[in-house]
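**Student:** Here it is, the structure, as structure tokens.
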Amino acid sequence: MAMSIELANVSGHPPNTERDNDDDELITALPPADEGSQAWKYLLGCFIVEAALWAFPVTFGVFQKHYSQLPQFQSSPNIAMIGILPSSLYFLGAPIITPLVNRYQKWQRHMVVVGWAGCVLSLIAASFVNSIGGLIVTQGAGYGVSFSLLYLAVLRMLDEWFVRRRGLAYGILSAGGGVSGMGLPFLLEYLLSKHGFRTTLRTVAIAQVVLVAPVLPLLKGRLPTTSQGALRALDLGFFRHPLFYVFAFSNLAQAFGYYIPSLYLPSFASEAGFSGFVGAMLLSLNNLGNIMGWVIFGFLSDRIDVHILVFLLPFASAVSAFVLWGFARSLGLLIAFSLVYGWFAGAFVILWPRFGIMLSDDPQVVYSLMAFGKGIGNLAIGPISGELIRGGVSAGYGLGRYRALIIFLGSSMLGSSLGAMGVYFRSRPRPRFSP
């Protein structure tokens, strides 16, 4: 429904035929959703933004290995927080930023520009610091807050352009980070080894300017902008539906384990005797798996019962962790794990739009709460993983040193698969509540 109609409905004035006729003309004049060149151009712009900005924090494993080998940083137990913060702040900030993005629709394109500039400036600032604390503030927190503002505005406009094909659209959007993530680990590994982290961070910042600036004109909403700041009251009835809590538990359990391979696969490969190139390759293959999962399961999420995917995706992830990673001694098993885990685990976020559509007239609110749960898991895994990695390398399960970490990962994913029990609540009517 057009935004102007929503505003008219909450204005307090009785409806009149003249206004209804104007609204009908506006609907006719709007570009079509789910099809047409403008919708696909917007999705292309989103794809490039995702590739340029999101792939950087999710390939942090290469930076983690580099920082841990530098004399000035190697004694710090907090290196992982640099990589965890960008995604965690995006997820945790979603319930706060989403209402602002929805309320101030007129400023959504400005939010995109400000967020993009913040990402670039955060990397430049990080290239001048001399401590892990400084990197946490700049490369971690600064980048995360800036990306959150940009990305949530992008998603809000994406929901205007795609309705029936929303799962597919989110899958294609997410694949942008995966495509970039296939090559970025190799580039980062090369730059870090040859030029150090300062030059590498500045190079990435310049690349983000060059890649994103040309597509900014494509990033505009489908609905006409309004200077008013009052949309319809939020539908919060999902808080009284048990299905919301089942999905929330499944999402939180998945979040506790999801980023572990991205953080520790390069270090695992190094301690197993493989080169830095192999560690970068494993991250690249993990991103290749992500691409396949995002597109395939995004397509399927529009067509099959979501509870099937809520079980399948984390269960397959758990099996890959317990069997492929836990017993990995050869490069073949590590490659298999990277692909399989990336394919199934990465696709879980594609289900969030479906959760929202099932539970609320405001799907973005449910999406933001799922993101918040993922942020909690992401933040927690930093200190948890540090406690789970103990001892030296051995010939045992998970090289001995990573045994507890791998068991924790698999257990988290098994817990997440219990979200399929939500099938027993899906027939309940959806309660309504508006403050």
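The backbone N, Cα and C atoms fix where each Cβ goes, glycine too.
Pulled from TrEMBL, these are the listed features:
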DOMAIN    243-435  domain 'Major facilitator superfamily (MFS) profile'
TRANSMEM  42-63  transmembrane segment
TRANSMEM  79-98  transmembrane segment
TRANSMEM  110-129  transmembrane segment
TRANSMEM  135-155  transmembrane segment
TRANSMEM  167-188  transmembrane segment
TRANSMEM  200-221  transmembrane segment
TRANSMEM  242-260  transmembrane segment
TRANSMEM  272-296  transmembrane segment
TRANSMEM  308-327  transmembrane segment
TRANSMEM  333-353  transmembrane segment
TRANSMEM  365-384  transmembrane segment
TRANSMEM  404-425  transmembrane segment
**Student:** For the domain 'Major facilitator superfamily (MFS) profile' (243-435), what's the model's average pLDDT?
**Tutor:** 88
**Student:** Looking at the transmembrane segment (110-129) and the transmembrane segment (167-188), are there 3+ C-beta pairs under 8 A, with each pair at least 6 apart in sequence?
**Tutor:** no
**Student:** Before we move on, state whether the transmembrane segment (167-188) and the transmembrane segment (79-98) share at least 3 Cβ pairs under 8 Å, counting only pairs 6 or more apart in sequence.
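**Tutor:** When sequence-distant Cβ pairs are counted, the transmembrane segment (79-98) does not touch the transmembrane segment (167-188), since fewer than 3 lie under 8 Å.
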**Student:** Counting Cβ pairs under 8 Å to the transmembrane segment (42-63), which of 79-98, 135-155, 200-221 comes out on top?
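**Tutor:** It is 200-221 that shares the most Cβ pairs under 8 Å with the transmembrane segment (42-63).
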